[in-house]
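Look at TrEMBL and you will find 163-290 tagged as domain 'DUF218'. Taken from TrEMBL, the feature transmembrane segment covers 28-46, 53-74, 94-112, 124-151.
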Amino acid sequence: MGALIIAVVLLLVFLVQLKREPRRLGNGVYLLMSLAFFALWLLTLATPQTRTLVVGAVVLIAPVFVTVIALFLIANGVTLLRREGVKPGNALSFGAGTAILCVVGGLLLVLLSALREGSPDPWVLAAAGSLVLLAGYLGFAFTLFLLYSVLYGRVRKRTGHTAIIVLGAGVPGGRVTPLLAGRLDRALKLYRRAAAKGASPVVVASGGQGPDEPASEAEVMANYLRERGIPDEALLEERESTSTWENLRLSSALLAERGVTGRLLVVTSSYHVPRAAILSRRAGLKADVRGGRTAWYFVPNAFLREFAALLVQYRTLNALAACTALSVFPLLAYGV
């Protein structure tokens, strides 16, 4: 009963926090912990035989499930590399899938060796245990990020935005790529919807100029929007930013200079919505984030890149967690 009470309390906290601030990443922690305690409560209701069967099923299914995910990532990586070209940024899903297979294979070899020898080297077991803990932490963090992404995408967004900030993307040769077009088309749709209701939001095209680009992203984006009916008086160009953080800060500063206040609407690609929402909250902006369409084969690799960026953003916490995971079993082995 205690586990059920904790699960309900955590669920209530989650609902309150989600209502108050849906951009908070910690919302997912409350929900995950609530689900974990609810599952624990269900196990306490089961017979010992049933609990043994459930645990055994999880132990057997988990490696298969992880292997399937790894194979999917590898297949997706091959598709992306074929369609978008061989670049380091396009190889993340392929590399992640390969790394997962190596970890699963290594752990299976350690397990088979332990079963065959009877008394395996404690240091080998320590290394395997540390690897499992580290993989478990990364799995938890990724599940949290995925859950947060799903939850934020399902939360009903507010209306009455005074400005729409469109986050830039590369413009090779001064042209709008399909990825960037997805963002701009979503912004166009939202602008027209607001205009049909009598509103007149300002649209900010945000993005600087890369060394291989003939014009700034903002200029190319603004031309695209202008050609599709957004009037000049409703368009602003922010041409200095080089990152999502700068997109948000410089665009909001530009709006403030023009006297535009109120709630903002940030438009980006679907996979980029979660991190853009987190960064907008960190920047202290009153904003909602919407995503444009992205090619299906592009999403897994891009989502992993967003997850990696989030790990870097919270690098101190993640470094401490990783060091703890890697040191627990070696310390135990040294004690042995």
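A Cβ is built for glycine as well, from the same backbone N, Cα and C atoms used for every other residue.
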Q: Give residue numbers and ranges for long-range contacts of the transmembrane segment (94-112): same chain, 6 or more residues beyond its ends, CB-CB under 8 A.
A: 63, 66-67, 69-78, 80-81, 120, 124-125, 128, 131-132, 135, 304
(Q) Let's see if you can do this one: DSSP helix, strand and coil counts over the domain 'DUF218' (163-290), in that order. (A) 63 helix, 24 strand, 41 coil
**Q.** Long-range environment of the transmembrane segment (53-74) - Cβ separation under 8 angstroms, sequence gap at least 6
**A.** 43, 46, 93-94, 96-98, 100-101, 104, 107-108, 300, 304
